[in-house]
Amino acid sequence: METYGYPQRESCFQGPHELYFKNLSKRNKQIMEKNGNNRKLRVCVATCNRADYSKLAPIMFGIKTEPEFFELDVVVLGSHLIDDYGNTYRMIEQDDFDINTRLHTIVRGEDEAAMVESVGLALVKLPDVLNRLKPDIMIVHGDRFDALALATSAALMNIRILHIEGGEVSGTIDDSIRHAITKLAHYHVCCTRSAEQHLISMCEDHDRILLAGCPSYDKLLSAKNKDYMSIIRMWLGDDVKSKDYIVALQHPVTTDIKHSIKMFELTLDALISFNKRTLVLFPNIDAGSKEMVRVMRKKGIEHHPNFRAVKHVPFDQFIQLVAHAGCMIGNSSCGVREVGAFGTPVINLGTRQIGRETGENVLHVRDADTQDKILQALHLQFGKQYPCSKIYGDGNAVPRILKFLKSMDLQEPLQKKFCFPPVKENISQDIDHILETLSALAVDLGGTNLRVAIVSMKGEIVKKYTQFNPKTYEERINLILQMCVEAAAEAVKLNCRILGVGISTGGRVNPREGIVLHSTKLIQEWNSVDLRTPLSDTLHLPVWVDNDGNCAALAERKFGQGKGLENFVTLITGTGIGGGIIHQHELIHGSSFCAAELGHLVVSLDGPDCSCGSHGCIEAYASGMALQREAKKLHDEDLLLVEGMSVPKDEAVGALHLIQAAKLGNAKAQSILRTAGTALGLGVVNILHTMNPSLVILSGVLASHYIHIVKDIIRQQALSSVQDVDVVVSDLVDPALLGAASMVLDYTTRRIY
């Protein structure tokens with residue numbers, strides 16, 4: 001068999017690689033001919049509870065849409081059939097699936113012994129069902145004790161098993177059950193690159209592992225319900241607003257029941273104190289759930305005016321509730337997995353999900369002795385909005401799984417093969433994986449042009465797109481979205497995996513929220529603009545935004561002459577004058593995001609007017625606009641042109657004409673450039689005396705024309721203790737784009753509280 005998977009990690013799934021699956025349909029036909037032309041694959045999907053059904057339902061719908069290839073049998077067991085847990089088998093019927101078999105397998109008691117007895121009861125009942133159905137393959141999901149009974153029965157009866165979500169790590173008894181099912185399963189569908197590597201390290205045959213993403217993300221990333229307010233009102237009341245309520249879902253930890261119940265008490269106390277409307281879902285059927293329900297009733301949660309306690313919410317409605325919540329709290333895998341698709345803040349409590357990969361939206365409270373720590377976490381998280389995370393899927397899992405199912409050769413030996421020794425990292429046999437380039441989408445909003453580039457981890461600009469920057473807000477936003485969508489699509493063809501989007505823009509930026517607070521005069525209608533949300537919603541990728549000067553400094557830190565330096569300053573000499581400060585390896589933003597406005601250091605009390613409203617700033621002397629102003633004055637007085645140069649009538653006089661005239665011996669042009677360089681040099685002296693960096697990097701189109709004058713001024717004006725600080729010209733071609741990319745490429749997702 002071939003190796004199945006697609007090269008994605010973190011928040012960067014890009015859709016099916018058609019290049020990779022190009023020849024798969026031919027192989028499917030060959031296998032179907034080998035299995036028998038009229039032979040359909042008989043698939044048994046067994047679902048035990050509301051949580052696993054949300055992952056299995058998209059696959060079941062996919063199987064149902066291809067009756068020429070598949071026959072579907074549905075087996076329902078576990079807590080689906082228990083009234084106390086909402087009789088959730090009804091939602092399967094409402095989805096128009098025929099339930100072939102219902103097995104009552106739960107022994108009540110909600111303690112450790114009852115879980116063991118439930119597994120035993122399922123093992124007794126399942127052989128008759130499987131003998132009758134005779135499936136070619138059974139699909140089993142997750143890490144529940146019911147799923148272990150299903151996998152054990154199928155393995156002993158020589159039925160092929162496809163396990164969904166193997167290889168993940170959570171931190172409780174679920175890990176042991178999940179890995180046990182992995183050892184019994186013949187095929188594996190995993191959701192993340194790490195899970196794939198774990199399966200390979202567990203000696204599973206990597207030819208039988210599909211890296212597909214989570215099936216539930218196929219629905220999550222396309223979930224658009226304009227009438228979500230009616231759902232919120234149905235479950236939480238008419239007076240509740242979007243982003244102003246909490247969803248709580250907490251389960252017992254079977255390896256430490258007493259502690260998990262104590263933490264549940266503290267959670268409820270914190271929620272009562274926090275005083276926000278809260279939807280509380282009853283815990284699952286694991287040992288300890290009965291005690292947790294007693295805690296809810298002891299605290300009067302079911303009758304408290306701020307709480308709505310429910311046993312079950314239909315998945316379509318549940319995803320709308322968490323998508324528009326101010327926060328989700330608890331220890332459900334849903335919080336660290338599915339909720340990331342919406343950027344909803346999550347507080348993950350305790351150890352139940354301790355090993356899971358999480359997005360930026362998850363805040364961990366590993367342990368709590370009092371309610372105060374949980375209450376602090378609520379204050380930190382409630383009402384925030386994070387970039388959506390695609391760690392667990394990109395919305396295309398089901399098509400991959402269906403192709404995987406079609407490719408299975410039923411004539412192959414059933415006996416599993418294990419790969420010894422454990423493979424090393426990046427062992428994938430898929431040429432797409434080997435050749436793939438980790439990349440970022442970089443956006444540079446200049447005063448004249450709007451540029452988008454695909455930038456590799458090494459700082460190579462793989463492809464660049466340039467368009468004239470529109471003057472109005474609406475046109476500009478639409479063009480940014482259009483260019484980014486086109487670049488993301490092109491990235492797939494170029495075999496680049498896009499990790500996120502970085503935006504460099506002029507003006508004052510709040511990078512924490514992704515908002516342009518105030519822009520420069522060159523970019524009109526660009527104040528209080530949220531750039532993060534529309535891009536994140538459209539591309540399903542995390543987005544970072546920062547000032548162009550800061551981006552230039554970040555570019556130097558990652559790719560340029562500031563690499564490895566603890567303290568340095570970058571000065572951009574272009575249309576305006578900007579800059580960025582790196583101190584102790586970190587970018588300095590300042591208390592109001594106004595640090596490093598180096599172009600507006602005042603070097604003369606009676607200097608020319610500056611665009612900022614002041615006068616005597618470096619920018620008023622040394623920027624491209626300032627040189628253009630002086631060039632026009634000379635040209636109007638017929639003092640600019642010298643022998644060997646001319647300016648066509650239809651060409652505007654600019655800074656480059658002034659520089660050309662100076663090189664050809666124009667004394668007045670030389671004097672203007674010397675004054676501009678002196679102003680810039682005095683600004684650098686002020687920086688040396690204030691910041692005492694180990695390096696100053698001049699960036700931009702004018703840098704090479706100023707470098708020698710700046711060094712002369714430092715020798716004349718600076719204190720002897722800083723005269724040895726080197727001033728260099730940047731060797732980066734596109735610092736704004738590279739800096740925007742570096743925000744993405746240096747990003748880490750895990751946050752611990």
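Counting begins at 1 with the first residue displayed.
Quick reminder: no glycine exception, Cβ is built from N, Cα and C everywhere.
Note that TrEMBL annotation is computational and uncurated.
For D548 (active site), other Cβ atoms within 10 Å of its Cβ number 27. Per TrEMBL, active site is recorded for D548.
Residue environment of R508 (N-acyl-D-mannosamine binding site) contains 19 other Cβ atoms, counted within 10 Å of its Cβ in all protein chains. Per TrEMBL, N-acyl-D-mannosamine binding site is recorded for R508, T520, D548, E597, H600, E619.
Here TrEMBL flags H600, C610, C612, C617 as Zn(2+) binding site. Listed in sequence order, the residues of the same chain lying 6 or more apart from C612 (Zn(2+) binding site) and placing their CB within less than 8 Å of its CB are H600, E619.
Residues or ranges marked as domain 'UDP-N-acetylglucosamine 2-epimerase' by TrEMBL: 68-406.
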Local Cβ density at C610 (Zn(2+) binding site) - other Cβ atoms counted within 10 Å: 22
Spatial neighbours of E597 (N-acyl-D-mannosamine binding site) that are distant in sequence (at least 6 apart) but have CB under 8 A: G549, G578, G579
Packing count at T520 (N-acyl-D-mannosamine binding site) (other Cβ atoms within 10 Å of its Cβ): 20
C617 (Zn(2+) binding site) CB neighbourhood, other CB atoms within 10 A: 28
CB-centroid shell, 8 A cutoff, Zn(2+) site H600, C610, C612, C617, site residues removed: G599, V602, S611, G613, S614, H615, I618, E619, A620
Alpha-carbon distance [D548 (active site); C617 (Zn(2+) binding site)] in Å: 19
Inter-residue C-alpha distance, T520 (N-acyl-D-mannosamine binding site) and D548 (active site) (nearest angstrom): 11
Count of other CB atoms lying within 10 Å of the CB belonging to E619 (N-acyl-D-mannosamine binding site): 27
Integer Cα-Cα distance in angstrom, R508 (N-acyl-D-mannosamine binding site) to D548 (active site): 9
H600 (N-acyl-D-mannosamine binding site): tally of other CB atoms within 10 A of its CB: 21
